[in-house]
Amino acid sequence: VCTSRFWFNYRHVANTLSVYRSVKRLGIPDSHIVLMLADDMACNPRNPKPATVFSHKNMELNVYGDDVEVDYRSYEVTVENFLRVLTGRIPPSTPRSKRLLSDDRSNILIYMTGHGGNGFLKFQDSEEITNVELADAFEQMWQKRRYNELLFIIDTCQGASMYERFYSPNIMALASSQVGEDSLSHQPDLGIGVHLMDRYTFYVLEFLEEIHPASQTNMNDLFQVCPKSLCVSTPGHRTDLFQRDPQNVLITDFFGSVRKVEITAETLSLDRDVPGLESKLPEEELATEPLKYAEQLPVAQIIHQKPKQKDWHPPGGFILGLWALIIMVFFKTYGIKHMKHVF
Amino acid sequence: MAAPLVLVVLAAVTVRAALYRSSLAAFIAERVEVASPLNAWKRVVEGLALLDLGVSPYSGAIFHETPLIIYLFHFLIEYAELVFMITDVLTAVALYLAIQDFNKVVFKKQKLLIELDKYAPDVAELIQTPMEMHYIPLKVALFYLLNPYTVMSCVAKSTCAINNSVIAFFILATIKGSAFLSAVFLALATYQSLYPLTLFAPALLYLLQRQFIPVKLKSKSFWLYTMQYASLYLCSLVVIICLSFFLLNSWDFIPSVYGFILSVPDLTPNIGLFWYFFAEMFEHFSLFFVCVFQINVFFYTIPLAIKLKEHPVFFLFVQLAIISIFKSYPTVGDVALYMAFLPVWSHLYRFLRNIFILSCVLIFCSFLFPVLWHLWIYAGSANSNFYYAITLTFNIGQILLISDYFYAFLRREYYLTHGLHLTRQDGTEAMLVLK
């Protein structure tokens with residue numbers, strides 16, 4: 001969820017889109033992601049590179065592209081919509097892509113970024129969500145069995161105040177700064193003119209880039225990301241509501257969609273009619289190489305030119321009729337005697 | 001006379017070519033005074049692109065050109081600039097030849113009237129001589145080609161140039177006396193934009209004059225000739241419209257072109273009078289006022305025909321001016337066409353009363369148009385009233401110009417028959433006043 005709009009909050013959109021991309025890279029499909037953005041960066045008239053949102057200086061990584069599916073855009077990102085998505089109290093006409101279709105076996109990752117303060121998070125410059133509301137929303141989710149485990153990451157100023165009030169079990173929370181501290185942004189890009197990322201998210205992403213679907217990195221490593229020397233603010237985390245030990249919680253439990261696969265050595269005959277056929281051993285799928293950010297299509301290739309087609313031709317009858325008329329008029333005015341000379 | 005004309009043509013082509021290559025071309029092409037929804041080049045390209053994609057260009061509200069324009073530009077779209085330059089040159093040459101012939105007609109008539117002693121004895125200074133009229137055709141061509149309005153229209157590639165060209169050919173055919181060609185070109189002009197329908201009356205009057213058929217309502221030959229001409233005109237119009245049907249196999253173009261011209265749905269600001277009124281109007285009045293405004297264009301034909309039946313070419317000029325002032329989507333290209341005729345009546349100069357102030361008004365308003373547009377749309381410190389005020393002033397200037405010329409023309413005719421020094425009953429000097 002990115003709760004800011006306007007051009008100078010470019011970095012919040014870039015944050016959110018970068019996390020979105022990591023999560024997609026690690027296997028979670030769009031149908032399982034609810035992305036809420038103001039979405040006014042790519043087509044902003046102040047954007048010197050239209051249709052792009054860059055997350056790294058020198059414009060190396062375009063995190064906007066053809067396959068970004070924004071579920072709640074622009075003025076739909078409101079506190080009400082956010083809480084409705086979480087609690088499931090949505091009007092029946094809402095499409096599936098805008099619903100959080102989770103059940104009691106789902107692990108949910110919630111990433112929020114924007115401008116915040118002590119106990120509140122500002123939505124779209126016009127309203128706020130308080131930590132009490134958020135905690136109550138999570139309690140509703142727990143009572144309706146809408147999650148198994150929930151990871152809440154927030155990258156705003158005084159972010160730790162947002163998770164102070166949680167009281168539902170199985171919630172782990174991370175924040176980019178403590179109460180009384182501001183989260184700072186990372187480098188500005190002089191070509192685009194705004195800051196491209198926030199520090200905490202930048203280092204989280206650096207950390208996530210090393211994760212691939214089969215990695216065994218656990219939550220404790222995530223807690224170490226972005227120490228005060230790099231981040232200037234002190235990131236905080238809260239694990240008291242979580243039942244498992246963070247040491248045993250894999251990053252991919254929340255960030256990726258990893259299927260649990262078992263290898264069996266015994267043959268299973270699936271078809272009675274063909275007894276001689278041995279089924280192949282199911283193999284565990286391993287990502288052979290981690291996908292890197294840099295391996296994406298440059299924008300110039302994405303915007304391609306359609307070739308000019310000239311498929312329409314005037315019908316023959318029309319051309320014949322028109323020129324017959326013209327010739328008739330010509331000979332009517334200048335006399336038939338010229339026809340002798342023409343032929 | 002050919003050499004100076006060629007020189008003028010070359011100069012005009014150079015100016016246009018230079019402007020095409022400069023950065024002003026894009027700026028001029030999007031100005032609303034030059035490109036109206038009826039004749040903007042962007043819309044022609046859009047319509048042809050839609051056609052290439054297999055969609056009828058009339059399906060949206062973008063394209064309002066006739067099928068013959070589609071046919072013309074389907075093959076010539078890459079050479080669009082050349083086409084427009086050649087169109088302008090053709091218009092100028094047609095006007096040149098027409099005015100040359102017209103001068104000969106004027107002389108003949110003048111000679112006839114002098115011999116018939118219709119003129120008063122002391123009007124020697126009012127009679128036109130060949131010496132002073134020698135350069136008028138060249139001046140007409142010059143006025144048309146080097147008029148900034150025409151140049152801007154050409155650079156914007158507005159199809160108004162094609163409309164002007166068809167009307168110029170119609171005028172040439174009429175003055176040469178060929179009823180058939182005149183009817184054909186008038187049908188083409190009416191087919192392009194509806195308003196040249198009103199030019200039927202002056203053309204008819206001119207052709208009657210040329211055939212020496214007096215215009216009397218009881219005369220059989222008058223009605224016979226009128227019927228002939230009208231039937232030629234209507235038949236060619238019907239033939240052209242039916243031919244256009246076969247281009248796209250649909251009658252879609254009729255509501256898109258003529259329905260659009262008559263019902264004025266698009267209220268983009270232009271130099272005309274329609275847009276502001278209809279932007280401010282309530283829905284249930286708009287039909288009534290559309291009818292009123294459209295009748296206004298056609299309304300002056302009959303009174304002018306009655307008054308100016310001896311002078312059909314002047315009637316043509318006034319009618320052209322009325323069309324370009326009161327039509328639903330005027331552009332400066334239309335203004336340029338009737339302004340090209342002003343040298344023909346340069347002998348009326350001594351009778352024009354307001355020519356200085358009117359030319360100042362017209363020039364000033366032409367410069368103020370882009371200024372107030374900028375203030376309204378971009379700076380936001382003006383509103384549509386400012387732009388409409390300038391539109392109104394420009395149109396008032398045009399109307400006063402035409403009525404000034406009308407007054408001067410009638411005054412000269414009066415002096416010709418009644419003598420320059422008018423005396424009242426008691427012998428004191430009298431003044432001629434237009435009531």
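The backbone N, Cα and C atoms fix where each Cβ goes, and this holds for glycine too.
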Listed range which TrEMBL flags as transmembrane segment, given the options B:40-62, B:109-131, B:385-407: B:385-407
Folded-back contacts onto the transmembrane segment (B:166-187), same chain, C-beta under 8 angstroms, at least six residues removed: 90-92, 94-95, 97-98, 101-102, 105, 196, 199-200, 203, 206-207, 210, 228-229, 232-234, 236-237, 239-240, 313, 316, 320, 337
Long-range neighbours of the transmembrane segment (B:68-99), counting only residues six or more past its ends (CB under 8 A): 5, 8-9, 12-13, 16-17, 20, 41, 44-45, 47-48, 51, 57, 136-138, 140-141, 144-145, 150, 154, 157, 159, 161-162, 164-165, 168-169, 171-172, 175-176, 188, 191-192, 240, 244, 247-248, 337, 340-341, 344
Segment-segment contact (the transmembrane segment (B:285-306); the transmembrane segment (B:193-209)) at 3 or more Cβ pairs under 8 Å: yes
